[in-house]
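K.L.:
Pasting a structure here, questions to come.
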C-alpha cells in the first residue's frame, strides 16, 4: 500500500471512513457534526462508491430522533448503517440507542463531542453529551486528533461488524472536528480487506426479512425481562479483544500503533494524568518538553471508554505512579465525581490493592482553552497541594475550585514550528482562504500543517481568528496560537478594539489591511499600545489596502485572496511564484462552479495584491508612544465588568463571580458594541427625502433612526444636525431627520436600495467619511424623546417612530429575518414574551454578551427565552399557560376584592380591569390606575393584588423560529400547540434552509434548490405548512413578504395578535445561504420579486370572518407575472445546478414552475369560494367565537384552561378518545 496524504479536518477524515464502511446513512444537521453528513451527501451525489461498490444511500430526517429511528430500521433490515451527531442531537437518539444495542445491531454513530445546553447553549466542544449516553450499551471509542479520527473510525466500523455491538466513535467538537491537519488516509480497498465477511454475512442472515421472518421488539413481563437483558453479556465481554485485534490490523497497514489505553511519558513516572480526547495531544506535547528536564510524569490516553477494561488500564499504568489525576471534560452536578474519575476509582477499588492518590479535575467545558500552562499546573498540583475536585482554566472565586496557572510557561511547540494568526471579519473570506492556504502548504510541501479557527457568535460580520501552524515535525498543539510569528489584521477597526499583537514574537511580521497609506495616517490611527509593540518588538510592519483592490476587481468586501497573497509573499513557506500558481489553481477549483467571471475577479485580486503590499519604516518614537485618554461612554457596571472584557477577547479572564448562576443576561447590551465594521454606510441627503420611513422599516440592524423633534429640542444640536419640516398634518410643528448609526450599521445597502425617490435620499459612502460627523449627531438624536403617539402605531410611518426593542443584532449584513422581528417589537415589544427556537434567530438574538433585545424608557421590553431546537412551541405554550393561571388567580382576587375591600376609585378600576383584562389597551389603562391607587398597599386582598401588578397588562406570547424548526424538528409540537386553540402567536422566518447550521435542506426547501444534504438538487416539493394548518379552521394563518407589501405585513401582525386563539405567520426571509447573485443588499428587492413571480403568494386566513358568514381566506397578492425563471436564476441555490446537473436543472425548474402555477390556481379558487355565506353559525361573534347556548358541553377557550370544562373543571379531551362505549374498559388498556 502506498501512502496517501491528505490535508483535511477531523470531520472529513471520519466521513471518508464512514462512507466507505456503510450502506445507509440517516442524517440531521447539528453543529459541529454537520459537515460529515454534508461530505457524505456530496460524495453520494457524485456517485462515489463505498467498499461494497455501491453509492451510499443517504437521507436527511426531520430530527435526530428520526435519524436514530431510521438507523435502527436500516440495521434491523440488514444494512450497515451510520449517522453523525452531537450534543442535544445525541440526547434525542438515546431511546433508539438502547434499542439498537439491545438488539445487538452493528451500527456506528460518529459524534463530535459537544457541550449540552444547560444555563446557556454552547455549540462548542466538551464531553457532556457522550457521557450522557454512556449507559446505552454502545461501545465508546475516543479519538484525540485528526489522524486518530480516521483510524478509530475504521476500528469502530470493523469492530461493530464482528462484535454485533454498536459503536459510538467520538472526538472533540471543533478542536478535532474542524482542525485541519496533514494526515494519511487509507484506500477503500485496504479497508475492505479488513472486514470480517463471515460476521457480515451472519448479520445479514439474522436481519428482518419476510423470506425468513421473526419478531423483534416484543413486550416482556417480569418473569423473563431480566434474563433477556443479561443474555447479551458474552457479546460485550468479547468487545475489548475485538477492538484490540482491529487496532493491530490497522497498525499493520499504517504503522500507527494503538491500544485500549495508551501510555506516554517516563517509564518510572510518579505523576500521571488520565484523559481522553484532544487534551491528550497537548498533554503529550508538555510531557515531551519536560522529559528533557527529568520530570517523572506520564499520561494514559483512554481510547476504549466503554466497555471500560480495568485490566488494560492497569497494564498501561506505570507501577511507579504515586499520584493520578483524572481529567474530565464534563460536569455532573451532585455526583461524587465526574464519570472517568469514578471509573478509575472503581477500577482501583475492585482490584483491592494499595492505591495511589487519585485526584479529580475538570477542564475545557464549552471549548474552554486547555493550554500547556494549564497542563503544567495540573502536574504541579500533584507534587504540591494535591487539591482534589479542582477546575483548571478558569478563576473560580465563588467555591474556590480553580488551580493557579502560570501563563508565562514555555512555548512547547516543536522547534522550528511557524505560528500565525489572522484576524478576520465573518464572511470576508478569511477563514476559507486560510483553509486553502493550509491545504496548499500541506499538499505541496513536506511540512506538517495545522489550521484551527475561532469565532464569536455573530452570524457574519463578527470576529474570526485563524490559527495556523506548520513545521517539519508533527504538530500536537491542540490550543490556540499564543506566540505568533506572523499576525495579519484584516479589518482596520480591530486595532482600536483588540490587543491583536498580544504574544507576537520579537521580530515577527505584522500585516494590516487599511486605507492608511502614509506614515502620517498610521501615526494618527494606530493606538499607542499597537505602536509600542511594533517598535519595541522590532516587528516587520506592512500595510495593504485590500478593500480598494477588492472593490476595483468587483469582489466587494471579499478580501481573502488578497490577504492570502500577502501571506505567501511574506511567510516564505513556499517559493512565491509557486505559491501564486497554486493559489490560482485553488481559485479555479473553489469558484469554478460559480462561473469564469468570479474566477477572474479572484485571480485579478491576486495579481494586484502582489504589487500593492507596502512596508512601513516606523520611527523610534513609537517605542514610547503616550497612552491615549479615551472618554468612556456612559455605560452600566455590568457592561464595564462583564460585557466589555468579552467583546475585547478577554472573557477568559473573567471569574465565576461575574456571572449569574442561572445564566441570565440583562437586555440591551448590544448598544455598547459600536463595532464600526461596515465598509460603506448610508449618508442622508435631506433635500431628496420624502419622509416615508421605509429605510428604517427595512434596516436589518436598526441602524436608521427617524427623529421627530420640537423646535426647542434642537437647541444645542450639532451644527450639521439638519432637520426638515415634518410632512403631514399630524406632524405640524415637528422637525424630521433621518439619523444614521454609522458604527452599528453593517453596510448592506438595503435602505438605499428601497429609497423611493429617483434621486436617492440615502447614498452609500465610505465609513471613514461619515464617522466623525454622525457619531455626535447620533448621540444627540438618542437624547430626543421618542414621539410614539403622533401617528398610528400600526402604520408604516408611525411604526418607525416607535422605539425598536431589538437593535444591533449579530445577524448577517442584509439579513432577511431581523427587520420582521424589529417591527414586531415596535408594535408589541413592551408586553411580549418570546419563546425562540434554537437557530439563526436565537443566535443573533441572544449570543453573550451582546443582547439586541432591549427595554424602553420605562424599563419594559421583550422577555426572551430559548429552551431547545425542537420544543419552542411547547416552551411558548407553557409561558401562555403560566400567564393564564396567574392572571386567572389575579382575576379571582380582584372579584373577591370587589365583594369586600374595594370601594370608590379602586372599585371602579377593578371593575374596568376585570371587564377588559384580555384587551391589551384596556388592561393597561385600568392596570395603570390600579398601580397608582394601590401604591404602598401591603395587606389584605388589595395588597396581594398590588404585588401582582406586573400581570395587569395583557401579555402577548410569541413563538419565533425558522423553517428547520417549524417544518421539521419542531413540527409535532407546533402542530399540537396550534391545535390547542390557545392564544399564542407563531412567527416563522422561512429561509428555506437550516440557516444556522450552514444551509442544509429542510422540508421548506423547494424543488430543484441545491442545499447541503441536497447536493444534487432537492427532488421533492416544499411543504405547504400554511395550508396544512388552515385545515384546522380555527387558526389564524398568513404569509408575508416585507419587500412586496409592508402594509400587508403590518395588517397581518395586527390581525394575528388580536385573534383570540392561535395564529401562524410565515415570513419569506432572504439568507446568505440562498446565494443572492446581486448580494444581500437586494434582500427587499428579492422579497418583492418572490411575490410578483408567484413564488411566494401572500394570503390571510382569519376564522373570525367565517363566524360572520364571510370567506376567511383572502388572497393578497396578484397573479404571477411570469418572472419565476428570472427569480430562480438570480439565486445560486437554483443556478448552480445548471453547471453540475444541467438536464436535471432544466427539468426541475419546469417542475417548480408547474407546482407554483397549480398552487396559485388553488389559492385563487379558495379566495373565490365562500362556503360560509349560506350557513354562518348561529350565535357567531365578531371575534370568531360562537355562543352555543347556556350549559352546552363543549371545550372552550375563553377563561378556561385547555383541558377543563367551563362548568365543572373536569378533564375534557374534545372527544378525541371517543365515547365511553367506544373506549371500553380503560383500566385494562396497555399504557405506554
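Cβ coordinates are placed from backbone N, Cα and C, and glycine is handled just like the others.
Feature list, courtesy of Swiss-Prot:
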- 31, 114: pyruvate binding site (BINDING)
- 31: site 'Important for catalytic activity' (SITE)
- 64, 817, 840, 962, 963, 964, 965, 991, 992, 993, 994, 995, 996: thiamine diphosphate binding site (BINDING)
- 64: site 'Important for catalytic activity' (SITE)
- 114: site 'Important for catalytic activity' (SITE)
- 427, 428, 429, 430, 431, 459, 560, 602: CoA binding site (BINDING)
- 680-709: domain '4Fe-4S ferredoxin-type 1' (DOMAIN)
- 689, 692, 695, 755: [4Fe-4S] cluster 1 binding site (BINDING)
- 699, 745, 748, 751: [4Fe-4S] cluster 2 binding site (BINDING)
- 736-767: domain '4Fe-4S ferredoxin-type 2' (DOMAIN)
- 812, 815, 840, 1071: [4Fe-4S] cluster 3 binding site (BINDING)
- 963, 991, 993: Mg(2+) binding site (BINDING)
- 983, 985, 1056, 1059, 1061, 1063: Ca(2+) binding site (BINDING)
- 996: site 'Important for catalytic activity' (SITE)
- 1195-1212: disulfide bond (DISULFID)
- 1197-1232: region 'Disordered' (REGION)
- 1216-1225: compositional bias 'Polar residues' (COMPBIAS)
K.L.:
If I take the Cα of residue 745 ([4Fe-4S] cluster 2 binding site) as reference, which of the binding-site residues 755, 815, 963, 983 has the closest Cα?
P.N.:
815
K.L.:
Identify which of the binding-site residues 689, 692, 695, 748, 815 has its Cβ surrounded by the largest number of other Cβ atoms within 10 Å, counting every protein chain shown.
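P.N.:
Compared across 689, 692, 695, 748, 815, the most Cβ atoms within 10 Å surround 815.
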K.L.:
Taking a Cβ cut-off under 8 Å, which residues six or more beyond the ends of the domain '4Fe-4S ferredoxin-type 1' (680-709) line up next to it in the same chain?
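P.N.:
Here the qualifying positions are 722-724, 726-728, 731, 734-742, 744-752, 754-757, 759-767, 769-770, 774, 778, 781-782, 784, 787, 790, 796-797, 799-801, 804, 806-809, 811-819, 822-823, 852, 1042-1043, 1046, 1083-1084.
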K.L.:
Can you break down the domain '4Fe-4S ferredoxin-type 1' (680-709) into helix, strand and coil residue counts using DSSP?
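P.N.:
Per-class counts: 8 helix, 11 strand, 11 coil.
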K.L.:
Express the predicted model's confidence over the domain '4Fe-4S ferredoxin-type 1' (680-709) as a mean pLDDT, rounded to an integer.
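P.N.:
When the pLDDT values over the domain '4Fe-4S ferredoxin-type 1' (680-709) are averaged, the result is 98.
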K.L.:
What are the DSSP helix/strand/coil residue counts across the domain '4Fe-4S ferredoxin-type 2' (736-767)?
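P.N.:
Residue counts for the domain '4Fe-4S ferredoxin-type 2' (736-767) by secondary structure: 6 helix, 10 strand, 16 coil.
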K.L.:
For the recorded Ca(2+) site, enumerate neighbouring residues of the same chain (Cβ within 8 Å of the Cβ centroid of 983, 985, 1056, 1059, 1061, 1063, site residues themselves excluded), in sequence order.
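P.N.:
Other same-chain residues near the Ca(2+) site: 984, 1035, 1036, 1057, 1058, 1060, 1062.
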K.L.:
Tell me, in order along the sequence, which binding-site residues from 427, 560, 692, 695, 983, 1071 have their CA within 10 Å of residue 751 ([4Fe-4S] cluster 2 binding site).
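P.N.:
Those near residue 751 ([4Fe-4S] cluster 2 binding site) - Cα within 10 Å - are 695, in sequence order.
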K.L.:
What is the separation, in Å, between the Cα atoms of residue 1056 (Ca(2+) binding site) and residue 965 (thiamine diphosphate binding site)?
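P.N.:
Residue 965 (thiamine diphosphate binding site) has its Cα 20 Å from the Cα of residue 1056 (Ca(2+) binding site).
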K.L.:
Return the residue, from the listed binding-site residues 114, 459, with the maximum count of other C-beta atoms within 10 angstroms of its C-beta.
P.N.:
114
K.L.:
Measure from the Cα of residue 1061 (Ca(2+) binding site) to the Cα of every one of the binding-site residues 430, 431, 812, 815, 992, then give the nearest.
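P.N.:
Given the candidates 430, 431, 812, 815, 992, the nearest one is 992.
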K.L.:
Residues near the [4Fe-4S] cluster 2 site, 699, 745, 748, 751 excluded, by Cβ within 8 Å of the Cβ center?
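P.N.:
Apart from the listed residues, the neighbours are 681, 682, 695, 698, 700, 701, 703, 704, 746, 747, 749, 750.
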K.L.:
Please give me the binding-site residues out of 427, 459, 985 that lie within 10 Å of residue 812 ([4Fe-4S] cluster 3 binding site), comparing Cα atoms only.
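P.N.:
Hits: 427, 459.
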K.L.:
Spatially speaking, which of the binding-site residues 31, 695, 699, 992 is closest to residue 1063 (Ca(2+) binding site)? Use C-alpha to C-alpha, please.
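P.N.:
Ranked by Cα distance from residue 1063 (Ca(2+) binding site), first place goes to 992.
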K.L.:
Please tell me which one of the binding-site residues listed here (31, 689, 699, 815, 983) sits closest to residue 602 (CoA binding site), measuring Cα to Cα?
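P.N.:
Nearest in space to residue 602 (CoA binding site), counting only the binding-site residues, is 815.
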K.L.:
Give me the CA-CA distance between residue 840 (thiamine diphosphate binding site) and residue 991 (Mg(2+) binding site), in Å, as a whole number.
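P.N.:
Just about 10 Å between their Cα atoms.
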